[in-house]
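One structure below.
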Amino acid sequence: MSDRTETTHARTRRLPQINPVWLLLAALVAGIILMNPGFVEPTGYMNFLKRAAPLAILAAGQVYVITSGGFDLSVGSLITLVVVGSSMLTNNDPAATYWVIPLMLGMGLGVGVVNGLVVCFLRVPSLIATLGMMITLNGLAFLWSGGAPRGYLPDTYRFFGRELVRDVPLVGFIPVSVIVLFVVVGILAWLMHRTNLGRQVHAIGDNPVAARLAGVAVNRVRITAFMLSGLSAAIAGILLGGFAGVSTDVGSGYELQAITAAVLGGAQLLGGRGSVFAAFGGALALTAIFTLLNFLGLPQPVRQVVQGLILIAAVALAMHRRKQTGT
Amino acid sequence: MKRILMATGAFAVSVVPLHAQNFDDPQEFAKQQEQLQAEPMGPEGQPWLQHIGGEMTETADLGLEAPATVCFSNAGVNNPWRVVGYTNMMQEVANHESIGDFVHVDAEGSDDKQIADINDLLAGGDCDVMIVSPNTTAALTPAVERACEDMPVIVFDRGVNTDCPVTFVHPIGGYGFGIQGAEFIVENVDEGSNVLMLRILPGVDVLETRYSAGRRILDEAGMNIVGAEFTDGDNAKTKSIVEDYLMRGDIDAVWMDAGATAVAAIEAFEDSGYEIPVFVGEDQQDFLRKWQDEDLTAIAPTYPTFQWRTAVIAAARVIEGEPVPAPEWVLPQPAITQDELADYVNPAMPPLHYAMCGCESMENYPDAWGGN
């Protein structure tokens, strides 16, 4: 995992050692600043971080599942279920927020447990298990709401996704969602890179048989990875509902974006390698691509072509670098 | 997954020759502009019974006996507009003794399923009258033609390329919707003002015509259109797009081709600390409430859900042998203005309830529509 010895020997190889996702992000941000100098103002970059927060949190959770050798496709529909469910349960009552939010976080963990159990004990590949869960949750959200949301989210609930903390020295203001973002990514990064759990997640993704023989409780670690992914989806749902209000398809497409962000950050599909910080960088880069293309004012079909090409190129670059470093 | 399909679709639309269907037809534009001014015929205050122009057709010779079975092939109940419309419809069915059974089949937004649905209904042999709300125009035309051979057919919402149905029930149309919003903007801001146009997605006929009509009027009035953006009907994306535009300059008016994300767009102004400009939304309750609470300068063009009632009324008239407006039953398409706002705002209704439902006086209002 560490190439420290190599770097000291060959100074010239230091540059490629930087995860390319940060170079990509820097290039994109430079492009955005060029298009819109206002981006260097707090309003500019704080809006950007606020917008990236749900995806970044989702990617930080997804990277656990990917590193452990799986996929979690259910997160997008879980986001939808959280937003629709919250609007049904709060029913315009500001006081309801205090039990609805913990309930939704619990639901995220619960969906993760079920995903994990199905993968571990029913031996369903995670791609299929979570695809089934995605369809099921979409159906549940539709059943619950009858196809049209029935309530508003009260301001107490929307606090996390919408409000700002004002009068902060240096930057002026910080959106609450950006604070949530740093806390969640910080905790997930610490768990992944500083604790035994993180090492075990890497181990079972790399070689589950070897990990089991070495004494890792493979099933327990795998289920924990799915729980963290589910929890991150619930948090992302609470932020998205807060940011923009209720709609019945808020989460659609987020599962693929989260996987893309993790892979942009160098996570290895099928497991064994992944970094929470790099996935965070991947999510920022992905959001930066969307923002830059917005600013360029290209017609929609052209944007989609460019977006797809940038993604393929970025992941190809990440793979190339991996071959070079031999990891 | 949906995004990918949309992307493929958008790409296909951009590659396939656009002249296949003309979304900017000056004749149709002029016709709908005229219809907006026309005095509708029929009982006042009950727009679902009114019609603009068109001849009446006798239906007595169709030889149906009450009570008859009405079959409804529905494109889908997959968005809040269709949910409200379908509720209107089921409530209206209860008003007609001449309708014995009402059979509903939901195509879930798929052309193939709807074609199969219609064939199944025909093969079943139980239907006396068929109502079709086509998923897409060209694909459903042959299936509707087959149905016409067996029984009277009533088409509503989107049309088909055949005149075999007894009548085609629809409001004035997309051009009319675009005209109402854009004219309101022109009346309320100065020449050369910055207008942002927000659209859901490209390539859908009813949305493209709204846009082309709106654009034509704004261009002719010398407005500065700062952008025309696709939001995918997504709240978060809408809010982000508007925030990005606000970082680059002032916006004096916002025109939208549909109102589901109007509140998110308004919040972008609020959260960035700007005054809310002139706004074109739609008749969703959340927008109307915001309009009232914040005292906006706004208008809500509608694509009225009461047409779902009219389709049932047309079917009942066919069974009873009463005349119906034909070959098209063009319904009025009122826009909600400041003067009428208070009549339509109802905090008891769900946020995405479409206020122009013509359903307030129906028996199970508001419970059946999800109101408290």
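Using the three backbone atoms N, Cα and C, a Cβ is placed for every residue, glycine included.
The annotation transmembrane segment is assigned in TrEMBL to A:20-40, A:96-120, A:127-148, A:168-191, A:225-246, A:277-296.
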Dominant neighbour of the transmembrane segment (A:20-40) in A:96-120, A:127-148, A:168-191, A:225-246, A:277-296, by Cβ pairs under 8 Å: A:277-296
Is the transmembrane segment (A:168-191) packed against any residues at least 6 beyond its ends, judged by a Cβ distance under 8 Å, and which are they? 42, 46-47, 49-50, 52-54, 56-57, 60-61, 64, 159-162, 197-198, 228, 232, 235, 239, 242-243, 276-277, 280
Under 8 Å between C-beta atoms and at least six residues away from its ends: which parts of the chain pack against the transmembrane segment (A:225-246)? 50-51, 53-55, 57-58, 60-62, 64-65, 67-68, 70, 72, 74-76, 78-84, 86-87, 101, 104-105, 107-113, 115-116, 119, 149, 151-153, 157-162, 177, 180, 184, 188, 191, 201, 254
Counting only residues 6+ away from its ends, which parts of the chain sit with a Cβ under 8 Å from the transmembrane segment (A:277-296)? 19, 21-22, 24-25, 28-29, 31-32, 35-36, 48-49, 51-52, 55-56, 58-60, 62-63, 185, 189, 257-258, 260-267, 303, 306-307, 310-311, 314
